[in-house]
């Protein structure tokens, strides 16, 4: 009885039939070119990446040109875009940073797609590597791609987050303690060297200006004047219940600063006058928590030993500014232009080599042209290849039936290295949080995301409100963005390897068409991604965007301008500092820990059905593509991986004969436990 003959036919796709008709009728292949370029395959995705990068560049150039033309400042490279209430400005600033981080994430995804596609190995490179006893990885980012993309996108991400910032105005204010008789006394009083105090004392009892002041009870007054930078209120008159004083004016001070270097008659603690009697010789800095604890414990608030009955505070509209730095905006435009040029070059170039960008590309290539260097290695695992190489022939391997965890399919060393990097970053952030809480005098969590607090400032250089001070501070605030870009890259690479393993594992369950990055033929499938499907890529990019945005709201530049009684900026009372938000740092730790926990759980608890290990390794893929039977064009058919030993061979063999596993278009079975395979 002769060997069975198999005839497998498939209908050509609509595009193939249309292209064939066009070539026969007109001698051209325009329809195929348009389909490959604009609709399906890697090149269509690359064109979309190029168009998106070009759109981002056009938007960046338009914004830069508009800002430079309408808001250019001849005196400074820091230009004001908008002035208004601090709530409105903070909302605008938050919206801008959310949008910028979303755009940065999409640009990162587009450029990663482009670079992964072009840095994928060709079949020629794979064959050369195998001849030298080396291997390459299929469907994941190469080391060269990782380092290149990381540097470029880190620069763009950092500059994007540093371009726009806010400037807040904090009010200098006069403080006067008076007794209750002051409002009934029409005499004038001499207050030396303090015209602002004189104006305050006159205005507070002027009936025509009563609308400028608001009465506060002691608790509310303490809360307002220990809550940070003075923005909504200014001068304050503290009314004492004492009546046995020599003069109705008990004590005065101006200017009471919340910024800058301590001035004469100004204590370095901006809230010292509130807590002077509470702290005594205590070296702690006055804070809202300290004052409230004292008040809630039954104590009565006194200012320099004068019991407070109520306060009269001057209401002042808060003012903030949204600004941008021209140098940093120009840097964004330059880096965006470089990226467009690179992606555009990749989109226009048409290399003749056959790239193996996806697992399907590699399987199709090795089925079409077998690689002799990996013959008789069908069950040799990636661990064995890493340990012993593959230039020396392997003995037949016994199938054990074990189901390895996902982490073994991504190289356990690389898996735990990724988790280690993530854990180390969490530890570093946690240590920074500890010092932030320790130095904040109990008020570490009082400020919201991105909102400056007087107790949460750090200086690494002298205050300079020009570009020489602002640019280094902005860049320093965005240094952690580098770490989160690294986290995105290592997590992406790890998940890519696990997805390749999952895709390979799917071929053990049922026949499927090969997912290829070029125009599909026969039963092949088109792909809109290389390795990470949207259900994995989108959450990963969302987490990355959240981390970058939270980072920009947790560590940020703070610029505060002190405003005197004449509503003029005091040039001696301006600061540029690093601000931090403990709440934002906790959120950063939470998102980072969440990513790590999900990855660990998936890697540890999910299992595969093959024992091959890293199925992204070119040697492992090649070894699985040695067809044992006569199959016409299997790379164009739906294929399945499994035991392909034929029935005739099975009947003619002994129980412990050597069997074979491979991809095939024909019938397969699950590899037999304890049997030998080669």
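Cβ atoms are placed via backbone N, Cα and C, with glycine included.
Keep in mind the model is a prediction, meaning the values are calculated, not measured.
Here TrEMBL flags 42-182 as domain 'DUF6536'.
Look at TrEMBL and you will find 49-69 (among others) tagged as transmembrane segment.
The annotation transmembrane segment is assigned in TrEMBL to 327-348 (among others).
Annotated transmembrane segment per TrEMBL: 415-437 (among others), in sequence order.
Residues annotated as transmembrane segment in TrEMBL: 470-491 (among others).
The transmembrane segment feature in TrEMBL is assigned to 536-558 (among others).
Residues or ranges marked as transmembrane segment in TrEMBL: 578-605 (among others).
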Exercise for the section: Six or more residues out from either end of the transmembrane segment (49-69), which same-chain residues have a Cβ under 8 Å from its Cβ atoms? Expected result: 79, 81, 103, 106-107, 110-111, 113-114, 324, 326, 329-330, 332-333, 336-337, 339-340, 343-344, 346-347
Problem - Remote residues contacting the transmembrane segment (578-605) - C-beta distance under 8 A, at least 6 residues beyond either end - result: 405-407, 410, 415, 418-419, 422-423, 425-426, 429-430, 432-433, 436-437, 440, 444-445, 447-453, 456-460, 473, 476-477, 487, 491, 494-495, 498, 543, 546-547, 550-551, 553-558
Handout entry: Overall pLDDT of the domain 'DUF6536' (42-182), taken as the mean
Key = 71
